[in-house]
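Q: Quick one: the structure is below, and I'll ask about it shortly.
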Amino acid sequence: MNVSNAPRFNLLTILGPTASGKTRLAVNLARELGGEIISADSRQVFRRMDIGTGKDLHEYGEVHHHLIDILEPGEEFSVFAFQRLFLEAVGDICGRGRLPLLCGGTGMYLDAALRRYRMHEVPEDREWRASLEGVGDGELASRLREFRPGLHNSTDLVDRQRTIRALEIARFQADCAGDDEPFPDLRPLVIGIRWERAELRRRITERLRQRLESGMIEEVRRLNDGGVPWERLDYYGLEYRFVGMYLRDELSRNDLFQKLNSAIHDFAKRQETWFRRMERNGVAINWVDGGGGPLSEARRVILDNSYHLATGR
């Protein structure tokens, strides 16, 4: 398939829950469309975290990818940094006449790319924070409500540090109002992969077995031996948290598999909930059946959203 001239979209997005086959579909479409893949995965940015994050780099072949293996484990990375690097990658790819394909399942990253609003990385203002030492919690809450009049019973008001951080962000955003660069003219076409629940559960379980057999435990051990503390590995998600517990003799091998498998199933449900919320917030997702030939269905969606085809239609 070869789409030419002026498609209605200039960003193709492939999303879906874990183990749904996103990477394979994105790679196949990138080959056909002359595209490059931008990862929307919060953990694949880190080097040497390959098996636990499901990078599947062998599937990419000659297809160029972005935002994978760009940081050392332990370095900070945020949704704000993702949005900045995502926009840089889009500009680079489009500037070379190629099509960017966003692929991943991290909901916050997908939102940051698709909902077309600029995000600010808000630094801590230590001098301003010091000035609040004598300010009572009630006064802090009152100041926050001045920035956010509709705020009622928010979790931001439960803890003093959360209130201070929320107020810090609100002040920063107010100071930056009107200073934003315009968001690029992105016209995304979003394709989601959907599976029957029982089949997705089977795929998740089988993939976990394969990862454990392929050296995931050894990968986590090497990361810890290389200086990444257990607390940081816990932060990097389910696979690293549960394998770390196993390596610290807090779980048996059988419990590792059973508990991690159950946790990943629950995670997939949360991803699906996030995707439904994206739809309610105005993101149009074209769903294809993972078990019914997703590549052919995706081709049809793409052709339906293209002005001109190489066949001359």
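Each Cβ is built from the backbone N, Cα and C atoms, and glycine gets one as well.
The ATP binding site annotation in Swiss-Prot covers G16, P17, T18, A19, S20, G21, K22, T23 and rests on sequence analysis. Residues annotated as substrate binding site in Swiss-Prot, with sequence analysis given as evidence: T18, A19, S20, G21, K22, T23. Swiss-Prot lists 41-44, 161-165 with the feature region 'Interaction with substrate tRNA'. Summarising the annotation, Swiss-Prot assigns site 'Interaction with substrate tRNA' to T106 and lists sequence analysis as the type of evidence.
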Q: Taking residues 6+ outside the region 'Interaction with substrate tRNA' (41-44), which of them lie with a CB under 8 Å of any CB in it?
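A: Sequence-remote neighbours of the region 'Interaction with substrate tRNA' (41-44) are 52-55, 67-69, 77, 82, 104-106, 108-109, 236-237.
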Q: Counting only residues 6 or more past its boundaries, what in the same chain has a CB within less than 8 Å of a CB in the region 'Interaction with substrate tRNA' (161-165)?
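A: The answer is 129, 132, 137, 140-141, 144, 155.
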Q: Distance check, please: Cα of A19 (ATP binding site) against Cα of T106 (site 'Interaction with substrate tRNA'), rounded to an integer number of angstrom.
A: 13
Q: Expressed to the nearest Å, what is the distance separating K22 (ATP binding site) and T106 (site 'Interaction with substrate tRNA') at their Cα atoms?
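A: T106 (site 'Interaction with substrate tRNA') has its Cα 12 Å from the Cα of K22 (ATP binding site).
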Q: Could you check what DSSP calls K22 (ATP binding site) once collapsed to helix, strand or coil?
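A: Once the DSSP labels are grouped into three classes, K22 (ATP binding site) ends up as helix.
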Q: Within 8 Å of the centroid of the Cβ atoms of G16, P17, T18, A19, S20, G21, K22, T23, which other residues of that chain place their own Cβ, given that this set defines the recorded ATP site?
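A: Nearby residues not in the site list: G105, I193, G290.
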Q: Could you tell me how many residues in the region 'Interaction with substrate tRNA' (161-165) are helical, how many are strand and how many are coil under DSSP?
A: 5 helix, 0 strand, 0 coil
Q: For S20 (ATP binding site) and T106 (site 'Interaction with substrate tRNA'), determine the Cα separation and express it in whole Å.
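A: Rounded to the nearest whole number, the Cα-Cα distance is 13 Å.
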Q: Name them in sequence order: residues not among T18, A19, S20, G21, K22, T23 whose Cβ is within 8 Å of the mean position of the Cβ atoms defining the substrate site.
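A: Sorted by sequence, the hits are G16, P17, R24, G54, G105, I193.
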Q: Listing them in sequence order, which of the binding-site residues G16, P17, G21, T23 have their Cα within 10 Å of that of T106 (site 'Interaction with substrate tRNA')?
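A: Candidates kept after distance check: G16, P17.
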Q: Under DSSP, is T106 (site 'Interaction with substrate tRNA') helix, strand or coil?
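A: For T106 (site 'Interaction with substrate tRNA') - judged by DSSP and reduced to three states - the answer is coil.
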Q: Just give the helix, strand and coil counts over the region 'Interaction with substrate tRNA' (41-44), going by DSSP.
A: 0 helix, 0 strand, 4 coil
Q: Sorted by position, what residues of the same chain at least six away from G21 (ATP binding site) have a C-beta under 8 A from it?
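A: Listed in sequence order: I193, G290, P294.
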Q: Just checking, which of T18, S20, T23 (binding-site residues) has the fewest C-beta atoms within 10 Å of its C-beta?
A: T18
